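Record features, source TrEMBL:
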- 7-28: transmembrane segment (TRANSMEM)
- 34-58: transmembrane segment (TRANSMEM)
- 223-250: domain 'PLD phosphodiesterase' (DOMAIN)
- 228: active site (ACT_SITE)
- 230: active site (ACT_SITE)
- 235: active site (ACT_SITE)
- 409-436: domain 'PLD phosphodiesterase' (DOMAIN)
- 414: active site (ACT_SITE)
- 416: active site (ACT_SITE)
């Protein structure tokens, strides 16, 4: 018996060494942030075997083949528009005199250089914060479509709202409009491909994002890379962008969450053309291994510049900025950083998840300690407990360093907004967390308009009536067990 246990102990020691060696080789050979690298090292070391399985499904990066396919599609589709924009930049000072402030000019150039984000004008914008109102308008627009409907969402549930949206899409398809849908399989759990069969019979198409056949599920990492974008483009001229997904909980029908507070934009004008360019790239990448028809460049519309007074909500200057694991420029995160770093008076942020990278964390603290009014609004309840505890950790850290953090008490706040100064704002799908910065495929609008900035600022200040200001005393009275969960969640937050 002594010999047997001694052999077992030695075998376990050898396996432990092999596990650590494999962990080092597996994690360090991939290009990722230092924080995420050491977080995975911790998981692989303390959970031998189990940790490797977790890494297999959640930690592997996109293959070079997939990244190349995405980048090649972007190059082919966007270059034509990019050439137009750079020519316009050379010929014109794009921002009219009234709105020509250095930080707006710098931010537009930052977004153009990081993500080839083209600046458009003549955008009429309406802000929605209520799900039922938003989807009533969206469904009406879809039903009235004459040429095309392009729709991509992280979540498209086969519930009551999902069926309402699908019925509108089927009506549009039956009237001759070209209907295309991209959805994320993980975010749309429970929605089977058969849900879209009738739409397909009517000539519409629905495709999971970067789908692979079942025989490739083991070799292709997908569980940790989500399509988190929420876009709708109708007849090349009406666009929707923001934080709402398609499901009953987003129209206040969830017993758990109750009132769902989010922010979405309806845009009529030039910017929907660029939203459709984004959709076309995602569609062609997702369908390259299928028999589905590609999105042809001839289907995309060209845009023009008619510079007017940008103080009107009917003429918002806008850039559509996207980011994802295929792009190491981190366009949206750097755009957020640019807004914070350039703030002189205030920065108001709404986000369901507050797990910022060090650069943004320090930017927020520097701004707050430089006299800028920095306010962040987070939910009062979790939709993902692990992520929420990490959010609480960073909220406590920011409060201790002079940032004002509020908990929204009237249901669940899911908005992803940032507004600063007299004219700069951002609305889209990207949260303030590691996942949105580096892992998810996201899309945001960066807006340059005084009326829109004022409206988003007013919405934030009205939401404060439903909030509790978090203080150092609030966090000091929390239990040791809760604090442990916050610290532990923060430790692993870069990878899950």
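Cβ atoms here come from the backbone N, Cα and C positions, even for glycine.
Note: TrEMBL annotation is automatic and uncurated.
Shown here: features listed in TrEMBL, placed on the structure.
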residue: 228; record: active site; DSSP class: coil
residue: 235; record: active site; DSSP class: coil
residue: 414; record: active site; DSSP class: coil
Cβ neighbour count (within 10 Å, all chains shown) around residue 414 (active site): 25
Rounded Cα-Cα span from residue 235 (active site) to residue 416 (active site), Å: 26
Beyond the flanks of the domain 'PLD phosphodiesterase' (223-250) by at least 6 residues, Cβ under 8 Å: 57-60, 62, 128, 131, 134-135, 138, 141-142, 144-157, 159-162, 165, 177, 182-184, 186-187, 209-210, 256-257, 260, 262-269, 271-273, 275-276, 278-279, 282, 300-301, 320, 322, 324-325, 414-416, 427-430, 436, 439-445
Other C-beta atoms that fall within 10 angstroms of the C-beta of residue 230 (active site): 24
Pairwise Cα distance for residue 228 (active site)/residue 414 (active site) [Å, integer]: 13
CB contacts for residue 228 (active site) [other CB atoms within 10 A, all chains]: 26
Set of same-chain residues at least 6 away whose C-beta sits under 8 angstroms from residue 235 (active site): 145, 146, 147, 148, 149, 177
Pairwise Cα distance for residue 230 (active site)/residue 414 (active site) [Å, integer]: 13
Surrounding CB atoms that lie within 10 Å of the CB of residue 416 (active site), all protein chains: 27
Tally of residues which DSSP labels helix, strand or coil - the domain 'PLD phosphodiesterase' (409-436): 3 helix, 13 strand, 12 coil
